[in-house]
Amino acid sequence: MARGCLQGVKYLMFAFNLLFWLGGCGVLGVGIWLAATQGNFATLSSSFPSLSAANLLIVTGTFVMAIGFVGCIGALKENKCLLLTFFVLLLLVLLLEATIAVLFFAYTDKIDRYAQQDLKKGLHLYGTEGNVGLTNAWSIIQTDFRCCGVSNYTDWFEVYNTTRVPDSCCLEFSDSCGLHAPGTWWKAPCYETVKAWLQENLLAVGIFGLCTALVQILGLTFAMTMYCQVVKADTYCA
């Protein structure tokens, strides 16, 4: 009976981790594609230039693949050490996510102020050599969200040392339109506009976070259940 339960949990655990591993492959693939085709796309921070969308996806994908691989091998080999390692790693990830979420909500105001200051510093790197990712990211954000600058369009005046904004700030795009009168530019601040968009989609973000947590809890349950079944089977055989 114990052996039958073990086989059932074994195949469920393997299927779960195979999907986990394939998901990691997908995330890693997207990250590599972004890095190869878009440079450091979505790098907006001057303090953390390596904190780009591509790099985050590559690191996340690699880590997920590693955890999924440990889980798959642990399930197939019915190895107690690997199963426990998988459980501990997944538990640490879950605790880390929970800690980050709590700290984020506890220090929202401080994070807001720091983020705006850092983004304003990053504006000075716009259009400079070696900062293609930051330049592309600002251009896309200002065009898609119809906004200009971090707090307002005057943020760009300090960057250019004149009354000028990037062409992506223009209501109607054309070459050198950023030199025209302020009446032809978007007035909305990008930071508040993107923040408002995130708040409007907070339900979707919350559902995604909840689903992620449930998948991780399911993985923890599978791992610990199989670990206990392996221990029972070993004890029974002995």
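Just so you know, glycine gets a Cβ as well, placed from its N, Cα and C.
Residue density at C169 (disulfide bond): 26 other Cβ atoms are found within 10 A of its Cβ, drawing on all protein chains shown. Annotation source TrEMBL lists disulfide bond at C148-C169.
Beyond the ends of the transmembrane segment (12-36), by six or more residues, the same chain brings 52-69, 71-72, 74-76, 86, 218-219, 222-223, 226 to within a C-beta distance below 8 angstroms of the stretch. As annotated by TrEMBL, transmembrane segment applies to 12-36 (among others).
Annotation source TrEMBL lists transmembrane segment at 56-76 (among others). Sequence-distant contacts of the transmembrane segment (56-76) (same chain, at least 6 residues past either end, Cβ-Cβ under 8 Å): 10-11, 13-14, 16-18, 20-32, 34-35, 82-83, 85-86, 89-90, 93, 219, 223, 226.
Residues 17, 63, 67, 70-71, 74-75, 209, 212-213, 216-217, 219-220, 223-224, 226-227, 230 of the same chain lie 6+ residues outside the transmembrane segment (83-107) yet bring a C-beta within less than 8 angstroms of a C-beta in it. Annotation comment: TrEMBL describes 83-107 (among others) as transmembrane segment.
Marked as transmembrane segment by TrEMBL: 202-223 (among others).
Beyond its flanks by at least six residues, the transmembrane segment (202-223) meets 9, 12-13, 16-17, 20, 71, 74, 83-84, 86-87, 90-91, 93-94, 97, 101 of its own chain at Cβ-Cβ distances under 8 Å.
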